[in-house]
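**Q** Starting off with a structure, shown below.
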Amino acid sequence: MDPNTVSSFQVDCFLWHVRKQVADQELGDAPFLDRLRRDQKSLRGRGSTLGLNIETATRVGKQIVERILKEESDEALKMTMASAPASRYLTDMTIEEMSRDWFMLMPKQKVAGPLCIRMDQAIMDKNIILKANFSVIFDRLETLILLRAFTEEGAIVGEISPLPSLPGHTNEDVKNAIGVLIGGLEWSDNTVRVSKTLQRFAWRSSSENGRPPLTPKQKRKMARTIRSEVRRNKMAD
C-alpha cells in the first residue's frame with residue numbers, strides 16, 4: 001500500500017475530528033455541517049477500502065499535524081494562506097431538501113466513475129429541475145456534495161452523489177453523470193432543466209433552457225429515430 005495514501009487518510013481523519021469538535025461547540029454554519037456529514041461517510045468508506053481503523057488513524061494523523069505545525073513558522077503559514085485559492089460553497093437546495101428521505105417505485109442505479117446515479121423510472125410526463133450543492137474554485141465546479149432532481153410538486157425523483165469509497169471527482173465526471181441522469185429521466189417523457197447555478201458552473205456551453213448540448217453520439221441516435229419515424233409514417237399513409 002502506498003504510504004502517502006495511508007498518511008493522507010490519517011491526516012484527513014484527524015482534521016475531521018477537529019471539525020467535529022467545532023460542530024459540537026455549535027460554531028459551524030450549514031455548509032460546514034453538511035460537509036462534515038458527507039466527509040464522515042467518505043472516511044468510513046476509505047477506511048474500509050484501506051483496511052484501517054479510523055480511531056487509530058486519527059491518533060497518528062494528530063501526530064503528523066502536530067509535527068508539521070511545530071516545524072512551520074508563522075511567516076510560512078501566512079504565505080501559504082495568502083497564495084491558496086479560495087473556494088466558494090453554493091447551495092441550490094435547503095438542508096431539508098438535502099436530508100429528506102425519498103423512495104423509488106421503479107428504482108434504477110448506475111455507477112459512473114466516482115459518482116452514483118439513482119432515479120425513479122416510474123416518473124413520467126413531469127417537469128423536472130436539477131438542483132445541487134457544490135463548491136466552486138476558479139469559476140468551475142470543484143466538489144459536488146449532492147445533486148437531486150425535483151418535480152414541480154417538490155418530489156425527489158433522482159440523485160447524483162459521490163461514492164464514499166471513491167473520493168475525488170472531476171468537473172467532467174459531474175457533467176457525464178448529469179447527462180446520464182437527464183437521459184434516463186427523459187426516456188420516460190419527462191422535461192428536464194438545470195438550475196441556473198449548476199448550469200453556470202458545471203458546464204459553459206448549455207442551451208438557454210438549461211440543457212447540456214447533445215453529444216455527436218446523441219445527435220446520431222436522434223437522427224436515426226427521426227428517420228425511423230418518417231419511414232413509419234410513410235408506410236402508414
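Residue numbering: from 1, along the chain as shown.
Using N, Cα and C of the backbone, Cβ positions are placed for all residues, glycine too.
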**Q** Examine the ranges 151-158, 159-166, 223-230 and name the one recorded by Swiss-Prot as region 'PABPN1-binding'.
**A** 223-230
**Q** Checking feature assignment: motif 'Nuclear export signal' per Swiss-Prot, candidates 7-16, 127-136, 137-146. Which range matches?
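**A** Feature motif 'Nuclear export signal' in Swiss-Prot: residues 137-146.
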**Q** State the non-local partners of the motif 'Nuclear localization signal' (34-38) in its own chain: residues 6+ outside its ends, Cβ under 8 Å from one of its Cβ atoms.
**A** 16, 19-20, 23, 28, 89, 95, 98, 133, 145-146, 162
**Q** Please list the DSSP helix, strand and coil residue counts for the motif 'Nuclear export signal' (137-146).
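**A** Split into helix, strand and coil, the motif 'Nuclear export signal' (137-146) gives 0 helix, 8 strand, 2 coil.
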